[in-house]
Amino acid sequence: MFDGLKDKLSGFREDVEENAEVEEPAEQDESAAAESAAAESTEDEPAAEEDAAVGETGGDADGDADADDNEPSTFQRAKAFATGRIIIEEEDLEEPLWDLEMALLESDVEMSVAERILETVREKMLGESRKQVETTGELVESALHDALLDVIAVGQFDFEERIAEAEKPVTIVFTGVNGVGKTTSIAKLSEWLADRGYSSVMANGDTYRAGANEQIQEHADRLGRELISHDQGGDPAAVIYDGVEYAAANDIDVVLGDTAGRLHTSDDLMSQLEKIDRVVDPDMTLFVDEAVAGQDAVNRAKEFNDAAEIDGAILTKADADSSGGAAISVAYVTGKPILFLGTGQGYDDLTLFDPEELVESLLGED
Ligand SMILES: Nc1nc2c(ncn2[C@@H]2O[C@H](COP(=O)(O)OP(=O)(O)O)[C@@H](O)[C@H]2O)c(=O)[nH]1
Ligand SMILES: [Mg+2]
C-alpha cells in the first residue's frame with residue numbers, strides 16, 4: 001500500500017542529508033574551527049542567529065550532559081556547527097524541496113496539498129524544531145511527519161464514538177460514482193458494526209442500475225442482514241426512508257443507505273441526493289471513491305461535497321494503490337476526514353483510517 005510514495009519520501013530524506021553534508025566544514029583543527037565560528041557569528045546575521053540557537057540548546061534545562069559541568073566552550077559551539085542540527089540552510093533545501101514537490105505531484109497529491117506540505121517542511125526545518133533534534137535525518141523525519149499529518153488528519157473524528165452517541169437509528173448514506181465500491185463498503189461496514197455490537201439494515205437507494213437489488217441482496221443474505229428495496233426505477237429517498245422506518249420499528253441501530261453512482265456531473269443524481277437529504281435527513285453522508293483513482297478521486301470528493309455535503313470519506317482499493325495521493329489529499333481538499341480504507345474484497349477488508357499510522361508507515365524503514 002502506497003509503496004511508490006514511500007520510496008519518494010525516503011528519496012527526499014537522502015537528498016537533504018547529502019546536501020547538508022556537502023556544507024559541512026572540512027576537517028579543521030580545534031582552534032581554526034573555533035575561530036571561524038566566532039568570525040562567522042559576528043560577521044553576518046544568519047550565522048549570528050544560529051550561534052544563538054546553539055547557545056540556547058546548550059543551556060537547555062533538560063540537562064545536556066555537557067552543560068552540567070561547564071558551559072559549552074566556543075569549540076563545542078563550533079563543533080555543533082559541523083553537526084546536522086544547525087547547518088541546514090535555505091539553499092540546502094531548495095533542490096530537495098523541488099524534487100519533493102515533483103515527487104508528490106507525480107504521486108497524485110493535489111497541488112494545494114503538495115504546497116502546504118512543502119511550506120510546513122520548510123518552516124519546520126529552518127525554524128524552531130531544529131533545535132530539538134540531533135541529526136539531519138531526524139530533522140527531515142520529524143518535519144515530514146508533521147507536514148504529512150497536518151494535511152492527512154484534517155477533520156478527524158472518532159467514528160465509533162459518533163455512532164455510539166447518536167440517537168438510533170443512525171442513518172448513513174453512501175455517495176460516489178459507479179464502480180468505486182459503495183455497495184461493497186456498505187456490506188463491509190455492516191460487518192464492522194456487527195463486530196462492535198451494532199445491528200444494521202441495508203436500504204438500496206440504487207434504484208437506477210439493473211441488477212443492483214440482486215447484488216446487494218447477495219451481500220445481505222451472506223451476512224444475514226435485512227435489505228429494504230423497491231423496484232428498479234423507484235424513488236431512492238423513499239427506499240431509504242423505509243429503511244429508517246424498519247430500523248425504528250425493529251430496534252436496529254444503523255441504516256446503511258446505498259445510492260446510484262452516476263456521474264457526479266449529472267444534475268439528476270445531485271437532485272436525487274438533495275431529495276434524500278431533505279426526506280431522510282441522514283446523520284452522516286459518506287463519500288466513497290477508490291484510492292487508485294488518485295487525482296480524479298480528489299476532484300470528485302470536492303464536487304460531491306459541494307453538491308451534497310459529506311461528513312467523511314471511504315477510500316477503497318487502497319490495497320492496489322501505490323501512489324497514496326488521494327489518501328493524502330482528500331481530507332485537506334474537502335475539509336472532511338477519511339474515515340475508512342478498503343483494503344480488499346473480503347468483508348473484513350475495511351480498516352479504520354488512522355492518520356498517525358499512515359504517516360508512520362509512509363516514513364517507515366520497510
Ligand atoms: N481490491 C479491492 N476491490 C474492491 C474494494 N472495494 C470494492 N472492490 C471491488 O470493486 C468492485 C465494484 O464494487 P461495488 O461495491 O459494486 O461498487 P459500487 O458501484 O460503487 O457500488 C467490486 O468488484 C468490488 O469487489 C477494495 O477495497 N479493494
Ligand atoms: Mg453499487
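Note that Cβ sites are derived from N, Cα and C of the backbone, with glycine treated the same way.
Here TrEMBL flags 176-183, 258-262, 316-319 as GTP binding site. Counting Cβ atoms from all protein chains shown, Lys182 (GTP binding site) has 25 others lying within 10 Å of its own Cβ.
Same-chain neighbours of the compositional bias 'Basic and acidic residues' (1-14): 96, 99-100, 103-104, 106-107, 109, 137, 140-141, 144, 318-319, 321-325, 327-328, 343, 358, 361-364, counting only residues six or more beyond its ends whose CB sits under 8 Å from a CB of the stretch. TrEMBL lists 1-14 with the feature compositional bias 'Basic and acidic residues'.
As annotated by TrEMBL, compositional bias 'Acidic residues' applies to 15-32 (among others).
The annotation compositional bias 'Acidic residues' is assigned in TrEMBL to 41-71 (among others).
The domain 'SRP54-type proteins GTP-binding' feature in TrEMBL is assigned to 337-350. Each residue of the domain 'SRP54-type proteins GTP-binding' (337-350) gets a DSSP state, and the totals for helix, strand and coil are 0 helix, 6 strand, 8 coil.
According to TrEMBL, the region 'Disordered' annotation covers 1-72.
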Helix, strand or coil at Lys182 (GTP binding site) [DSSP, three-state]: helix
Close-lying binding-site residues around ligand 2 among Gly176, Gly179, Lys182, Thr259, Ala318, where CB distance stays under 6 Å: Lys182
